[in-house]
Amino acid sequence: MAAGQREARPQVSLTFEDVAVLFTWDEWRKLAPSQRNLYRDVMLENYRNLVSLGLSFTKPKVISLLQQGEDPWEVEKDSSGVSSLGCKSTPKMTKSTQTQDSFQEQIRKRLKRDEPWNFISERSCIYEEKLKKQQDKNENLQIISVAHTKILTVDRSHKNVEFGQNFYLKSVFIKQQRFAKEKTPSKCEIQRNSFKQNSNLLNQSKIKTAEKRYKCSTCEKAFIHNSSLRKHQKNHTGEKLFKCKECLKAFSQSSALIQHQRTHTGEKPYICKECGKAFSHSASLCKHLRTHTVEKCYRCKECGKSFSRRSGLFIHQKIHAQENPHKYNPGRKASSYSTSLSGSQKIHLRKKSYLCNECGNTFKSSSSLRYHQRIHTGEKPFKCSECGRAFSQSASLIQHERIHTGEKPYRCNECGKGFTSISRLNRHRIIHTGEKLYNCNECGKALSSHSTLIIHERIHTGEKPCKCKVCGKAFRQSSALIQHQRMHTGERPYKCNECDKTFRCNSSLSNHQRIHTGEKPYRCLECGMSFGQSAALIQHQRIHTGEKPFKCNTCGKTFRQSSSLIAHQRIHTGEKPYECNACGKLFSQRSSLTNHYKIHIEEDSLKADLHV
């Protein structure tokens with residue numbers, strides 16, 4: 001009879017307000033843009049999860065605003081003409097505002113005790129209290145926290161003006177599942193009314209808690225769901241069922257394939273709302289957001305210094321290791337220094353447990369660590385059979401071999417041009433977008449990437465770190481040094497398929513191939529004249545602008561081209577490098593030698609006529 005009464009008792013239904021995170025206007029306006037973006041993501045995901053559980057309720061106004069990309073606040077005028085906040089206008093929401101005010105008092109108390117505080121709705125706390133009371137009445141209810149916990153952490157990166165202290169926010173959404181036990185402890189009947197769509201839990205009638213009961217026999221890692229275990233086991237078996245149709249690269253998981261396909265399509269769905277920069281992976285966006293928030297969440301417990309990256313903390317800790325070598329003993333596993341990290345940082349370390357002792361970077365697998373360590377050791381086991389060039393990774397060799405085969409699997413959607421690597425395609429796309437986010441502090445020139453900015457700045461500093469060991473000549477870029485070294489070795493790895501002519505660099509081959517194709521992609525906007533090379537277009541545009549950037553230090557004469565300046569300087573130096581093979585006469589310019597040859601040709605033709 002008691003059991004029947006227990007079954008008839010109404011359930012505590014989960015509503016949106018139970019999991020909603022509410023802010024007052026003062027709290028909201030003090031949040032950084034990156035914090036607001038993450039709050040928006042959390043709230044929308046909470047709403048989607050509730051909808052997927054089959055709960056029926058009208059869409060909250062705050063969700064409609066967030067879906068439209070607006071702030072969860074609307075300033076409206078009431079009948080008295082006084083401004084009020086739109087999403088707090090109803091009596092129900094006004095009550096929620098009062099709850100928030102009392103909640104702020106609790107926050108102030110927590111801050112005085114230097115405790116972290118959580119923005120969780122008051123109704124959620126009341127809901128948990130109800131469940132606790134029912135448990136105390138021996139109703140044998142259990143709450144299972146499963147599947148999704150989302151944490152918004154902005155550790156000491158946002159100053160709260162009102163409270164006068166730094167704080168971090170946690171927005172935690174926990175899906176709460178209720179299971180009613182029967183008298184027999186080995187069986188349980190799942191309450192199906194509230195969670196009809198949660199099919200993966202309905203099929204598991206023996207679950208009592210969210211324990212990880214599916215264990216991998218190879219590495220003993222445990223999982224909550226059997227499907228997660230099966231995905232994980234593919235890492236050991238090497239099974240890769242998901243294949244890219246573009247380049248035939250295979251992956252063990254469909255999510256990895258989807259991410260990879262963005263390299264071909266160029267899709268970048270993760271956009272920074274601060275600067276508009278787009279990324280193909282959410283992890284890349286998270287890293288980028290740190291540049292705006294200046295978040296430094298890795299703190300040294302020895303001296304209190306903070307770092308935005310784990311590798312920075314690790315390198316810093318080596319200073320303390322020299323002072324106290326017995327205290328710090330960095331090893332192969334990242335857990336060897338995890339004692340110096342906070343709880344949230346240790347969560348990241350569980351995912352990346354292999355640590356590089358040289359630079360502090362962490363990796364998910366020992367194989368990834370071995371690949372990385374070749375950067376430090378200089379080991380290059382993968383050699384090209386065509387030209388003998390060696391590489392540290394097989395992927396780099398495959399990419400290099402495309403130079404010899406002519407394969408270009410990465411194609412630009414705008415102009416159809418093909419490329420051997422995704423990095424080259426991304427660099428090319430900037431031509432169409434015109435995006436230049438990096439400015440030089442010296443001359444104000446805008447550049448498309450941080451790496452090109454660093455190389456450009458060396459023009460002003462005069463730094464040339466790449467030095468040739470044969471002749472001692474120095475260069476600003478490593479690529480320029482590699483091309484130069486081919487002059488000494490005689491290596492010409494780039495071959496034209498039309499005429500078999502070989503070249504030292506890929507750009508020279510590309511320019512040469514336009515002779516065969518007749519392609520002239522560089523067009524002057526002033527007169528419409530087209531050119532096969534960008535350098536030729538730049539030189540031509542100086543005719544319209546009148547710019548003459550090359551100046552003779554001796555007489556002050558200026559020139560449009562560097563070659564014209566070099567030829568002119570020979571007037572002052574008296575240098576004559578061009579010699580006639582027929583009579584030995586010397587010339588300062590090649591064009592003068594060419595004209596001189598015509599004299600000998602005419603003489604030869606006259607002699608031939610006389611003999612006839």
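Cβ atoms here come from the backbone N, Cα and C positions, even for glycine.
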Which residue among Lys150, Lys221, Lys243, Lys585 does Swiss-Prot mark as SUMO2 cross-link? Lys150
Among the residues Lys175, Lys352, Lys469, which does Swiss-Prot list with the feature SUMO2 cross-link? Lys175
Long-range CB partners for the zinc finger (550-572) (under 8 A, at least six residues beyond its ends), listed in sequence order, are 539, 542-543, 588-589
